[in-house]
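Per TrEMBL, the features are:
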COMPBIAS  1-12  compositional bias 'Basic and acidic residues'
REGION    1-29  region 'Disordered'
COMPBIAS  13-28  compositional bias 'Low complexity'
TRANSMEM  39-56  transmembrane segment
TRANSMEM  62-81  transmembrane segment
TRANSMEM  93-110  transmembrane segment
TRANSMEM  116-134  transmembrane segment
TRANSMEM  146-167  transmembrane segment
TRANSMEM  173-193  transmembrane segment
TRANSMEM  213-231  transmembrane segment
TRANSMEM  237-259  transmembrane segment
TRANSMEM  280-300  transmembrane segment
Amino acid sequence: MSARKEAKEERGAQPAPQQSPQTAVTPVKSRSAKAGRNLPAAIGVGVGFGVLLVLGLIYQPIFVAIAAAAAGLGAWEIGHVLNTRRGYGIPEYLLGGLSGAIVAVSYLFGFTGLGIALAVSLLVLLLSSALVRADRQVSLGKSLSGSALALLWVPLMLGIAMVYFQTDHGERGVLMILLMAICNDTFGFIAGVNWGKHPMAPKISPKKSWEGLAGSFVGSAVVGAIALAVMGSPWYWAIPLAAVMVVASTAGDLVESVFKRRMGVKDMSNILPGHGGMMDRLDSILFAAAAGCLIFRFIMPL
């Protein structure tokens, strides 16, 4: 009788220990879902990049090396995702190497070098894809279109920035663009979290709101005006510049969001601890860097 009573008590006591882990785990899931990243790792990677960028602005070859490496990794991620998710048959490592080379050539030889490097890279990738197609029956058009997408998305944008970077005031312009890009993300996040009620593109990026966009513009314009005044340039240039930068940054972010949704991936890779992939960091910067550098070179010289 006592044995049956003990067994009954044990069965009755079973739900209690099951509830405890659930109540303990749920807040952790909520916090991790809200943060979305490994915060210490993300901070460490961010600080490391910040130090390298500062050194690069002091000594240009370091900055060029960083940009070339970023272009190579970003293009490789695009090729890798297209290969693994859609079977494009892109020579992804060759694509990454050529993308880094395009950025370096752009710095050394300007727009002419950028155009020639893009054309040569596309030809090399075409020949390589033709060889891959012969072995694996991969569609040549599919492979070439994926390679072209990666080249136009990453090394072209960074190549434009590198053409401007090697000019007399290139460091100042790039520093300005980086400041405004950081302000765009920071103030947009703050405004979106606190006041965001009207989604901008709910089917593409549900967390983006019009309030966040307004916060990005105001923050970028204010910081940009201060930076321009310190540099001795008209402070009011910050208003149209901020508008262009915010639109370009948002467009870059949405383009990557569409790409990831269609590919069915959350991050482009896990190469950067706490951040995801290189393209997850470059998404908004690429379009903004190209647009900002073109403006500084041809419309508003610093």
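Cβ coordinates are placed from backbone N, Cα and C, and glycine is handled just like the others.
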#### Entry: Segment-segment contact (the transmembrane segment (173-193); the transmembrane segment (116-134)) at 3 or more Cβ pairs under 8 Å
no
### Task
May I ask whether the transmembrane segment (146-167) has at least three C-beta pairs under 8 Å with the transmembrane segment (280-300), counting pairs 6 or more apart in sequence?
yes
